[in-house]
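**Student:** I have a structure I would like to understand better, so I am pasting it below and will then ask my questions one at a time.
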Amino acid sequence: MKLVLLLSLAAACAAAPSPVDYSLFRRSVTTDAGALSGNTYDYVIVGGGLAGLVVANRLSANPNISVAVIEAGASGYADAAKFSVPAANLYDSSVGTQYDWQWQTTPQSGLAGRSAPWPRGKVLGGSSAINGLYYVRPSDTEQNAWSDLIADDAWNWDQMFAAMKKSESFTAPNAATTRTVNVGYNPASHGTDGPLHVSYPLQTYPEVGAFIESATNVGIPASSDPNAGNNTGVFLAMSNINPANATRSFSRTAYLDPVAARPNLSVLTGHTVTRVVFNSTQTDEAVASGVQFAASRGAAVSTVYARKEVVLCGGAVNDPQILQLSGIGDAALLDRVGVEQVVDLAGVGYHLQDHLSTGVVFSPSSGATMPPTRITGDAATDSYVNSAIAYVRGSTLFSEQQWSSLIDQMRQNRAASVEAYDAPAAVKAGYNATYTTQVETLFPTSIGPIELLFALSFGGVQVQAALQHPLSRGSITVTSTDAFTPPRIDPGYLSNDVDMTILRQGFKLARRLGSTSPLADFTSAETAPGSAVETDGQWDEWIRRTVGTEYHPSSTCSMLPRQLGGVVDARLKVYGTRNLRVIDAAVPPVSFSAHLMSVTYGLAEIGAEMVLSDYAAGMKSATNQAATGGSRGSSGSTGSSGSSGSTGSRGAAGSSGSSGATSGATRWTLTTAHAAAAIIATIALSLR
């Protein structure tokens, strides 16, 4: 009888469609620095954001690989609804709270002297936990341009497309949505068994369909398959929503929570990495041995050691800050701040690009159906997030002749633009290369330099415009040796005049679209900028006073040749180091006509595969050396010192032939079967 009961329970656990409550399995997440301090892991990941948790998941899937993740922010479990309810991104926003780094830019001359806020996620999941949930892919032309800049097919569209699909579990829109909106999608362009849910809000509104129809009426084509390499046109964007319960799907829920009980994975929250530690600083062969971290300024500093690699996943602001504080960056900057140089790498923190945005706002008409301006508690209603979007080619913004003339102007201004960029010589050479790519490879095609985004929020109807491919460049640089002092963030907004010309035209089109039927049937007066703004000069003044970040900073650790101010090579290794990588949105050398989330998931998947490939090659080399009488300690196979039984990542003794990270005991991975087995074992004990 007992055996029948146990077998029945096992079958039920295996077949149960309801998700496991992974909050029961947060074994790996801690705020106790002692859990990591002094210990050695195979891989130490700096940053538990979008990319960091992807990499941690994929590496720790091998039970012989030990992984530590250090996240500056909190876990976020205590404020679950703030992250899980899609509408909370508007009406219970994490921006300006403890879950936001709350960065500020330097005063920007292009923004009429304003210092702009730069929200970035400071919590497990990073910005994927607090953003607007848009999942939009770039075009194949943009991705192939990145591949060409580094001369490596590992970064072409085909590879990125496969990686994005690997991360994805796609669900088609429901019937209510397809009745209301002309949704363009192709199931063949999506993955179905990845950890990240990609779907659509469970509820939408007639105005959303009207926006798409009005866009076609002003000459923007409707896209039937915007996720397969051509995103030009108007469509209903996907969102990271789990349709089973209408909650946000982000890197923590997708990549960490289901595996948080892995004994070879440790996640420390509430601690900031202050610098990377090197045990060898020979020219171009710096070897990272670990990182130092602390809870706050003045708090005790701890060290955790890396047997194989240190991987930076802190994002476009934190990555260059950590590198510079660790002695990797422009030699003149390091000398000025007082940081001992490890690698003279001019490009660290440079090539910064960001999307600029604001909206043309209309009052709703009496016949408009507007979403609530609060969280209602109804899952379907609260799943609505803004998602209708359009990527507009230059020849639609302007006439064909005007756009061609503007491209010619960009060509003529290239040398002056490069010279005006306040950056080291190698970085200027890289700017020349990426500027040329934008002008010669991207702009003459159908790539959209402007994004139009439709928003029903806070009681208004907005058609937002966002600059996607700025020619302006900025930088992020440290001003102090203190890791808790914010770096200097200078995006250089609108420092290139062409950016203003394109952005101004984008807002003119946004106004025209909002005033075109059928969307115009749902709006009344234009409230911003209002009818008083008509001339180019008036538009420019309004733009400088109102635009801000669209939350997509990138490229501060660009994948470019070193002589072009590159920071990482095609395998994401930091130049001048043997075992330090950067894997996140700091890496793409040019901005995309897309929200960065999709690319960053794909980039992280590719990066994790590269790390695992190098790990396998190292283990094979160690095996071959052992077979020919080599040292038992080679390739770190018996611990960081090469001696059997060195201290492991969880304080246990490492065993010869293993990673030395936990103990000689069998390592395992949490799956549904393991969860079922644990329950069965408990009941079996109670039945004895």
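Glycine residues also receive a Cβ, built from the backbone N, Cα and C atoms like all the rest.
In case it helps, TrEMBL gives these features for our protein:
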{"type": "SIGNAL", "residues": "1-15", "note": "signal peptide"}
{"type": "BINDING", "residues": "Val123, Val273", "note": "FAD binding site"}
{"type": "ACT_SITE", "residues": "His552", "note": "active site, proton donor"}
{"type": "ACT_SITE", "residues": "His595", "note": "active site, proton acceptor"}
**Student:** Measuring Cα to Cα, how many angstrom lie between His595 (active site, proton acceptor) and Val123 (FAD binding site)?
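**Tutor:** It is 20 Å, counting Cα to Cα.
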**Student:** Would you identify the secondary structure of Val123 (FAD binding site) according to DSSP, in three states?
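**Tutor:** Looking at the DSSP assignment, Val123 (FAD binding site) belongs to a strand.
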**Student:** Where does Val273 (FAD binding site) sit by DSSP, helix, strand or coil?
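**Tutor:** The residue in question, Val273 (FAD binding site), is strand (DSSP, three-state).
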**Student:** Return the count of C-beta atoms lying within 10 angstroms of the C-beta of Val273 (FAD binding site), excluding that atom itself.
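**Tutor:** Counting Cβ neighbours of Val273 (FAD binding site) within 10 Å gives 27.
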**Student:** Please report the DSSP secondary structure of the residue listed as 'active site, proton acceptor', reduced to three states.
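**Tutor:** In three-state terms, the residue listed as 'active site, proton acceptor' counts as coil.
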**Student:** Any idea what the Cα distance is from Val123 (FAD binding site) over to His552 (active site, proton donor), rounded to a whole Å?
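**Tutor:** Per the Cα atoms, Val123 (FAD binding site) and His552 (active site, proton donor) stand 17 Å apart.
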